[in-house]
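Undergrad: I have a structure I would like to understand better, so I am pasting it below and will then ask my questions one at a time.
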Ligand SMILES: NC(=O)C1=CN([C@@H]2O[C@H](COP(=O)(O)OP(=O)(O)OC[C@H]3O[C@@H](n4cnc5c(N)ncnc54)[C@H](O)[C@@H]3O)[C@@H](O)[C@H]2O)C=CC1
Ligand SMILES: O=C([O-])CC(=O)C(=O)O
């Protein structure tokens, strides 16, 4: 038996499904699979919607994360190209591509973290809620796959409208009997990334030195920056507060308009998603004091889901923090946010319970 035959036999033994679907591929690809199985410790991460605007950049960034040992890229189009491309990066994560619904289960099996940027983005004039019609069904199908194939995985849900898609995923998991509220996190990190950037601009600081909690949800007035809690401690004029609150709430629309029909934020979103996923992986590893904002199952308000600071640990969002003291401007903002959020959450729940 020559070297190639030995490698092929080993591949077939270690990864039989992959071997079957890659019969015509070179032995080098199979060699990569062998290394993945026996290789470096780390987490297994899947990106669903990996060939999209967010998905491609996010795939790149996750391939650069040393905590990732295996990276599964799933989409209904174009994953072979994205996978071949990203897999040539000389970082340790082994990359595998999965194309179309029939490969969803293989993409998900054994994953520790599943990141979902699948779904259509906004065009100018649309709200995030206008995406519900298409994205609700996509998130439902992908969540059913997760419930079946990796019910213990932490899920980072990016697809809009997040205020409704997170309740959809929760309902799917409840139906399947796999719901663990700590493991489902709606990604609102881009609101925090924007808030830090815009606040730092006003204060003349490096954005990396600034902390701004952003609570509520991820659409318009439901995005509530708590400027009274900015660190380092500082004060803003009423005009600055109005400007910053509006700019943070409308950050997504600012990009949608600038892209003029070519989609919404992808690069800054991939950056934010990669930062958030890294926080989740460090939490899963057992690092202490990992605190980020996320839209989660919550008892902070009377609503069943709400975004606030959460402590991320080995089991996901292990602790959901209270909002802390709010000023009058923020209390008014909170009331507005809760009104809109209640409807969006109910819409997601009804989509599954109907
Ligand atoms: N949470 C947040 O802060 C943000 C959320 N988003 C949302 O992220 C989503 C994706 O945005 P983009 O990447 O710009 O869109 P895109 O259209 O560039 O990419 C979406 C990808 O999803 C794939 N897809 C569609 N149906 C699928 C299915 N059933 N299974 C797997 N993949 C599927 C498409 O083939 C495409 O490759 C949108 O809903 C957008 O509104 C965007 C920015 C920020
Ligand atoms: O605005 C959008 O449609 C995309 C998004 O959620 C954001 O950029 O915050």
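Each residue, glycine too, has its Cβ placed from N, Cα and C.
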Undergrad: From the candidates 75, 250, 278, 287, give the one listed by TrEMBL for the same NAD(+) site as 49, 50, 51, 52, 53, 54, 55, 135, 158, 159, 160, 269.
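TA: The one candidate that TrEMBL places in that NAD(+) site: 75.
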Undergrad: Let me make sure I understand the structure: which of the binding-site residues listed (53, 55) has the fewest other Cβ atoms within 10 A of its Cβ?
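TA: Lowest Cβ count within 10 Å among the binding-site residues (53, 55) is 53.
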Undergrad: Using Cβ-Cβ distances, find the residues under 8 Å from residue 269 (NAD(+) binding site) that belong to the same chain and are at least 6 apart in sequence, listing them in sequence order.
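TA: Those within reach of residue 269 (NAD(+) binding site), by Cβ under 8 Å and sequence separation of 6 or more, are 54, 117, 158, 190.
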Undergrad: CB neighbours of residue 159 (NAD(+) binding site) within 10 A?
TA: 28
Undergrad: Under 8 Å between C-beta atoms and at least six apart in sequence, can you list the same-chain neighbours of residue 122 (substrate binding site), or say none if there are none?
TA: 128, 130, 131, 160, 252, 256, 263, 264
Undergrad: What are the sequence-distant neighbours of residue 51 (NAD(+) binding site), meaning same chain, six or more residues apart, C-beta distance under 8 angstroms?
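TA: Result: 73, 75, 77, 78, 79, 81, 82.
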